[in-house]
Amino acid sequence: MSPKTETKASVGFKAGVKDYRLTYYTPEYETKETDILAAFRVTPQPGVPPEEAGAAVAAESSTGTWTTVWTDGLTSLDRYKGRCYHIEPVAGEENQYIAYVAYPLDLFEEGSVTNMFTSIVGNVFGFKALRALRLEDLRIPPAYSKTFQGPPHGIQVERDKLNKYGRPLLGCTIKPKLGLSAKNYGRAVYECLRGGLDFTKDDENVNSQPFMRWRDRFVFCAEAIYKAQAETGEIKGHYLNATAGTCEEMIKRAVFARELGVPIVMHDYLTGGFTANTSLAHYCRDNGLLLHIHRAMHAVIDRQRNHGMHFRVLAKALRMSGGDHIHAGTVVGKLEGERDVTLGFVDLLRDDFIEKDRSRGIYFTQDWVSMPGVLPVASGGIHVWHMPALTEIFGDDSVLQFGGGTLGHPWGNAPGAVANRVALEACVQARNEGRDLAREGNEVIREASKWSPELAAACEVWREIKFEFEAMDVL
């Protein structure tokens, strides 16, 4: 046993309080392949050494409590305790550190994101010895990730279901988000799908309100999907939001969607909760439904640089819990997303193996083994002039979603959809011909607009629209 650590079983029980670092700070520890590793941004209270702060995080998120207890002698703390094994200062920040913590795999229930988060971030964030605490990243070992189903279907299976290859998928959120009747809502869905979109979407707060009950919305949207499919010869879908007040009601809505024969449903995974989300993901795999995930409430958790949890952790958790799409920012639109950081967690969503890369905020090498990938969804304040940048940034395996950028077209919903489809096809063709979309993107759009009056009108409406604010989420 290391001389720098001690357990109550080895030294005998002595009542009282002692420093966490005596037991939970273990700089000589060599991490195991089966450990869950965490990187915390720690801001200690004045006078608290970083080693004590890091050890406190390890203790309070695993086996520790505020005082010694005699029942510690009934177990093996060296087997079950979290360990702060490395601390490094944050460059350019005063009294701020990255504390690396290793957790033994046996601390966590198999297949439960809920249990994992309850342990790692459930209680320690209110600890008085810390001014602020942020979970920056997690390394999920294959021994744990293999206990999860993951996404219901994944990227390749979705493409096969939709018979759509070689380009990003195109979507639209129906607006106004609240207040439409079910029939008028279905009309907007039909017009957008008929104009060339692959998907339309319920907004995250469309559930089952007095102005539009869920069953009515589902029926009219299904009618719109089938009509648009018959007229275009393409497979279409609408993200029917199954989020509800109870898990039982959520599954009932998903069952009805399956009975209607539609291809995809939707869930607000943070407000709905990980237990509900995992249940829905299992139902979707068993019944052939794709699952679109909205991240409503994420900025409450991830936007502050010094406290909370980075979205890359929420993205990893979603891949484990299950979802085929998830909103991931745009880099260029109205919602938060710095390019390198955004592409870092986009790769964590899509790829099988991601190398450690601190320049993109990736603290650990992550091996997902054979877990299916998740399509990132770019949505929020984007329009046709953004299409070249979005195509270049996100690549083919993505969903580009234009709400106001479709329904705000001066000629109506269907022309708005036409404009976006023409712009996307032009950008994909230009890229495939070897043109540089980052440099020539505007010219590509101008050339395409000569052959599409719908695109020309969209270009005129949105030529001056920009969202130029400094990103909060930077390295």
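In case you wondered, yes, glycine gets a Cβ from its N, Cα and C as well.
What Swiss-Prot lists as N-acetylproline is PRO3.
The N6,N6,N6-trimethyllysine annotation in Swiss-Prot covers LYS14 and is backed by sequence analysis.
Under 8 Å, Cβ to Cβ, and six or more positions away along its own chain, HIS327 (substrate binding site) finds ILE293, HIS294, ARG295, PRO376, VAL377, SER379, GLY380. The feature substrate binding site is assigned by Swiss-Prot to ASN123, THR173, LYS177, ARG295, HIS327, SER379, with sequence analysis given as support.
All chains included, 16 other C-beta atoms sit within 10 angstroms of the C-beta of LYS175 (active site, proton acceptor). Taken from Swiss-Prot, the feature active site, proton acceptor applies to LYS175 (among others), supported by sequence analysis.
Cβ neighbour count for GLU204 (Mg(2+) binding site) (all protein chains, 10 Å cutoff from its Cβ): 21. The Mg(2+) binding site annotation in Swiss-Prot covers LYS201, ASP203, GLU204.
In the three-state DSSP classification, LYS201 (Mg(2+) binding site) falls within a strand. Residues or ranges marked as N6-carboxylysine by Swiss-Prot: LYS201.
According to Swiss-Prot, the feature active site, proton acceptor maps to HIS294 (among others).
Close to the recorded Mg(2+) site, the chain also has THR173, ILE174, LYS177, ASP202, ASN205, VAL206, TYR239, ASN241, MET266, HIS294: residues not among LYS201, ASP203, GLU204 whose Cβ is within 8 Å of the site's Cβ mean position. Taking all protein chains in view, 12 other C-beta atoms sit within 10 angstroms of the C-beta of ASN123 (substrate binding site).
Packing around ASP203 (Mg(2+) binding site) is summarised by its Cβ count: 18 other Cβ atoms lie within 10 angstroms of its Cβ, all protein chains included. For the binding-site residues ASN123, ASP203, GLU204, a Cα to Cα distance of within 10 angstroms from LYS175 (active site, proton acceptor) holds for ASP203.
Within the same chain, residues at least six positions away from LYS201 (Mg(2+) binding site) with a Cβ under 8 Å of its Cβ are GLY171, CYS172, THR173, ILE174, HIS238, TYR239, MET266, HIS292, GLN401, GLY403. Counting other Cβ atoms within 10 Å of each Cβ, the lowest count among the recorded positions LYS177, HIS294, ARG295 belongs to LYS177. Spread of the substrate binding residues is 36 Å (greatest Cα-Cα distance among ASN123, THR173, LYS177, ARG295, HIS327, SER379).
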